[in-house]
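Enquirer: Sharing a structure, written as structure tokens. Questions coming.
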Amino acid sequence: MARSIVVLGAQWGDEGKGKIVDWLTSRAQYVVRYQGGHNAGHTIVVDQQKITLHLIPSGILHNHVTAVIANGVVLSPFSLIKEMKMLLKLGVSTCKRIFISASCPLLLPYHVAMDLARENHHISKAIGTTGCGIGPSYEDKVARRALRVSDLYNLKYFKNKLKDVVDYYNFQLVYYYKTKPINYQIVLEEVMSISDILIDMVVDVPELLDDAAKRGDSVIFEGAQGSLLDIDHGTYPYVTSSHTIAGSVSVGAGVGLNYIDYVLGIVKAYSTRVGFGPFPTELSNDTGNWLCMNGNEFGSTTGRRRRTGWFDAVSVRYSVKINSFFSCCLTKIDVLDGLKELKICIAYRKKNGKVIHNFPCSLEELENCVPIYEILPGWMISTVGITEFHQLPKESQLYVKRIEELIGVPIHIVSTGSDRSAIIILRNPFDS
């Protein structure tokens, strides 16, 4: 029986991971974020109430679950406190239920200022980031100048290091980007006002998770963004600044490879992408607009409209390879209700006419690929809220089975709506 389950997106993010993590954690004791930051936007709908979490793991909505933010996450302390207050207003207790790693790099206002300055300065070369400061924060980590949660234990050291880092950023912000400098004193005072809260939440994450395994507790690792946005394996440079694939769990949470029992890929029934970058199956027509509006495809972090397109089996098959998914969950199939026909991309045609079935690693090559489609019949019957596979329209069942064949792994879960109860379980990962 699976005890440790990794849940991550197989596309460009926004696949519906939050709902599935929320569902899985009904049988788990711990839920762990291991990469990314508050650029994530994981939405759960409980009793028609929409709750969006950016930093705190989605499983926190279950009172028996302990939420952990591990070392691979760049931690915005202000976003964390804001989210905790939001949960308290909703009646969700966070006391002694949220823990953080002392090794988390702190994401502070100068990271946000730099992120926005770069995007505005190089508009023609913009990546389309969320503007949350994620990239600059990871840069500091790699350059070994990041302030970490552990630095808060030594106030004198923290003050001196913060001054050096603020000076470093202000030189660039003022003299290169021609924008306003960051006020060191304000940043210091803001961090100091919540430092005791952060220190009280610190735990030895590898030790905590090791003890959990010894007790036989179940742990859900919640990925952010999607596999095609991985800094190494995604559509570089139009990617996020962290590793989003399954292998990053070990580094980002401090657990060995043998700790992981199961990897579940989350796949949307069509494709979406936020920001810039190649998108072979993108639809810039009425169908694309219909998918956007019917699927409410607007970013939960930025509010930006998502680009939409047909399901791309080539890219998802690539995600299956680099993650070794045990199975997949197909989400938002209900969004396709009412379409007379559906298309699935089964291959790409290159500029020279050659047909390829593998996802290109070259950005230029991918940008010049044209999708080759297989057409399937749509369905006119609503699938919203269906909980048994045999109750789905036959055309819908065919669509699920065809995707399963094309991506090479079984689909064990199908989501049929935004509510946590709108779900079809063909095989529970915990029972695998």
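Note: Cβ is positioned from N, Cα and C throughout, glycine not excepted.
Dumping what Swiss-Prot says about this protein:
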- 13-19, 41-43, Arg306, 332-334, 415-417: GTP binding site (BINDING)
- Asp14, Gly41: Mg(2+) binding site (BINDING)
- Asp14, Glu15, Gly16, Lys17, Asn39, Ala40, Gly41, His42, Thr130, Arg144, Gln225, Thr240, Arg304: IMP binding site (BINDING)
- Asp14: active site, proton acceptor (ACT_SITE)
- His42: active site, proton donor (ACT_SITE)
- Ser300, Thr301, Thr302, Gly303, Arg304, Arg305, Arg306: substrate binding site (BINDING)
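Help me picture these features in the structure, burial and contacts included.
Expert: Taking the Cβ of Gly41 (Mg(2+) binding site) as centre and 10 Å as the limit, one finds 20 other Cβ atoms among all the protein chains shown.
Sequence-distant contacts of Asp14 (Mg(2+) binding site), defined as residues of its own chain at least six apart whose C-beta falls under 8 angstroms from its C-beta, comprise Gly41, Gly226, Lys268, Thr272, Val274, Glu297, Gly299, Arg306. Mapped onto three states, the DSSP output places Asp14 (Mg(2+) binding site) in coil.
Cβ contacts within 10 Å of His42 (active site, proton donor), excluding its own Cβ and spanning all protein chains shown: 26.
Residues within less than 8 Å, Cβ to Cβ, of Arg304 (IMP binding site) and separated from it by at least 6 positions along the same chain comprise Val274, Gly275, Phe298.
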Enquirer: Per the record, IMP is bound by Asp14, Glu15, Gly16, Lys17, Asn39, Ala40, Gly41, His42, Thr130, Arg144, Gln225, Thr240, Arg304: how many Å separate the farthest pair of Cα atoms?
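Expert: Taking every pair of listed residues, the largest Cα separation comes to 34 Å.
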Enquirer: Cα within 10 Å of His42 (active site, proton donor) is the criterion; apply it to the binding-site residues Gly16, Lys19, Arg305, Thr416 and give the hits in sequence order.
Expert: Gly16, Lys19
Enquirer: What binding-site residues among Asn39, Gln225, Gly303 are found with a C-alpha within 10 angstroms of that of Gly13 (GTP binding site)?
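Expert: So far as Cα distances go, the binding-site residues lying within 10 Å of Gly13 (GTP binding site) are Gln225.
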Enquirer: Output the one of Gln225, Ile333 that, of all these binding-site residues, has the highest number of other Cβ atoms within 10 Å of its Cβ.
Expert: Gln225
Enquirer: Roughly how many Å lie between the Cα atoms of Gly303 (substrate binding site) and Thr416 (GTP binding site), rounded to a whole value?
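Expert: Answer for this pair: 23 Å between alpha carbons.
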Enquirer: Could you check which of the binding-site residues (Asn39, Thr130, Gln225, Arg305) sits closest to Lys19 (GTP binding site), going Cα to Cα?
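Expert: That would be Gln225, nearest by Cα distance.
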Enquirer: If you draw a 10 Å sphere on the Cβ of Gly13 (GTP binding site), how many other Cβ atoms land inside?
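Expert: Other Cβ atoms found within 10 Å: 29.
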